[in-house]
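For reference, the structure I am asking about is given below.
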Ligand SMILES: Nc1ncnc2c1ncn2[C@@H]1O[C@H](COP(=O)(O)OP(=O)(O)OP(=O)(O)O)[C@@H](O)[C@H]1O
Ligand SMILES: [Zn+2]
């Protein structure tokens, strides 16, 4: 018997050993029994010397004959990921696979599409008579250029039948479609800064080189990525293009299709149907697709000819996975680029302070686009409107009302941005002051008027709107504050002739919705957009000329040290939607704290000043990126229980004197949002300037947690390396 170490989906840190009569190559998918269930596993190492009793080792049931193995560089990526994020390797491996490959069933490889052309003999044949016009059209199409079955079927639904006939006559040749066909030239002539940025990256083709493309909103970053991508793909290499969850818009996909019409492109994101995702994953893994576009999970796609990674909107929080395997895809992108010896381009108008800091130290090369790309476009004017002494009507001041009225009358497109969906963020009893909180979370229930519900935005709790106050019986309950639905309703009343469209998670439950919304906007069938985050990033609506920001002040009171950075990025992004083409843009921000540093930097539209000041503050406080952090979290039904487990570990480690001296420990403290979905959440922060020592202490904590978890059966724990949640 030969012994193999296998990765399977179990919450155990060591890999499990199974036996097979012959040596299986690493990366092979197999089926094994675990607790009497047949599950899939990946061979991680072969020919090992087991340290356990040989009689206890179970056999590998069968080999899943995929005709393909998970490659060595992919395995190295997963080994690194599991080690760095202190997560069980088997679970990390399974999390990185699409569902089809997580099951103990062989998966057929995707068929490579064929492209058909007339050969020399075919070309001298007479065309089918013109009266069979569809058949004739097919023939003419093939005479003109090679075509895929898909293309031919759009000419004649029975194309395959004729193709078969003509193939039998030996007039037609079929060949595999190339991953990257011809790439037409761009519609845009790149400006000088764009050209320079693209050229810099191209000179580093074939070697590891990390870049930060810092380009203001509307500066044409996408065109720069496309230019580099075209060049790399024409050399026969593959490109991985990562973008935030929210940015996978129909608009971006349309731009990709336009620019790369003959490139086999595969899309991987959480909404791709499971079967399709497996196919797409394999197309990338087999090198059939030259371009892979996806959200964070696409970072784990095997790509044999990887030649470039792009991370668009690199500052976006959605690159960090906040459950189970808590990885940061942007950071893994840099690791992967090093492994594949290729350039990686991180792009943003408001780079994360981590990435910006790295350009200061020469770790990343900085590329800049300082002007808007469209020849007539200018940055919008940003006005801070102090509302401390202004009367508000549904949260909106007279000045803003007038701005909106005038813009609607002029036929402009306005956007009203607020980061609150629902009707009102809280319901309040005027008589006794009672408010409605979520029983499971430390959060207020949000009023959803149309649905007749109070809903929690953090868990799935909801209840009908109560007719009266449960404390005092008062029937006069007040909706406090504004959500998108309420603003939408109010604007309909204020601007009766305007066509108003609300865009938030409630209005775009399905992907289809987004596509429709986008086309409605582009056809100029909307006068005012009301919406949240979903409207903030990445969109290019050329006629949008007025942006109004409501209720942004809330974020200023957060205790999270990253809150200012996040708010600044969010507001810069929102503002950046205005005035991107021929019309000039105006942005109005209502605030009660116009003197706050975030708003001052926003009004000046100066990322660099903001980043410099923020970094100075972080340095003084020893916060990331000047130190490395990890959070050890515990969740239990009571805060006491949650903190108790963390204290026990802390005491154990103290008694051993095992903690490196340069690692600081803070806590245990409750998380900022202490209660979530029925769990009280506590955490300890480990912080150090030395990454190796930090990871050493995480391992100490981990070992103790594993040791103590049996005596604390009701407490769950997890490790979050480089945490973003506080
Ligand atoms: N060289 C160019 N000449 C003319 N127009 C251009 C050029 N490059 C880009 N554009 C146009 O300018 C607009 C903004 O470009 P793009 O969307 O690529 O910017 P971006 O930097 O990615 O924007 P953001 O970060 O704000 O989403 C687009 O409409 C694009 O077609
Ligand atoms: Zn809740």
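Backbone N, Cα and C define each Cβ position, glycine as well.
Reproduced below are the annotations present in TrEMBL:
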BINDING   429, 432, 469, 472  Zn(2+) 1 binding site
BINDING   438, 441, 456, 459  Zn(2+) 2 binding site
DOMAIN    202-369  domain 'Helicase ATP-binding'
DOMAIN    464-621  domain 'Helicase C-terminal'
Would you mind checking how many other C-beta atoms are within 10 angstroms of the C-beta on residue 438 (Zn(2+) 2 binding site)?
23
Return the residues near residue 456 (Zn(2+) 2 binding site) by Cβ distance under 8 Å, restricted to its own chain and a separation of at least 6 in sequence.
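Correct list: 438, 440, 441, 443, 445, 446, 462.
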What binding-site residues in 432, 441, 456, 459, 472 place CB under 6 Å from ligand 2?
441, 456, 459
Please determine which of the binding-site residues listed here (441, 472) has the lowest count of neighbouring CB atoms within 10 Å.
472
Compute the centroid of the Cβ atoms of 429, 432, 469, 472, then list the same-chain residues not in that set whose Cβ lies within 8 Å of it, in sequence order, for the Zn(2+) 1 site.
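Here the nearby residues are 430, 431, 433, 434, 468, 470, 471, 473, 474.
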Taking each of the binding-site residues 432, 459, 469 in turn and counting other Cβ atoms within 10 Å of its Cβ, which one has the fewest?
432
What whole-number Å value do you get for the CA-CA distance of residue 432 (Zn(2+) 1 binding site) and residue 459 (Zn(2+) 2 binding site)?
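Each residue's Cα considered, residue 432 (Zn(2+) 1 binding site) and residue 459 (Zn(2+) 2 binding site) end up 27 Å apart.
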How far is it from residue 459 (Zn(2+) 2 binding site) to residue 469 (Zn(2+) 1 binding site), counting Cα to Cα, in Å?
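Checking the Cα atoms of residue 459 (Zn(2+) 2 binding site) and residue 469 (Zn(2+) 1 binding site) gives a distance of 23 Å.
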Give me the non-local Cβ neighbours of residue 429 (Zn(2+) 1 binding site): same chain, 6+ apart in sequence, Cβ-Cβ under 8 Å, ordered along the sequence.
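When sequence neighbours closer than 6 are ignored, residue 429 (Zn(2+) 1 binding site) has 435, 469, 471, 472, 474, 476, 477, 478 within Cβ distance under 8 Å.
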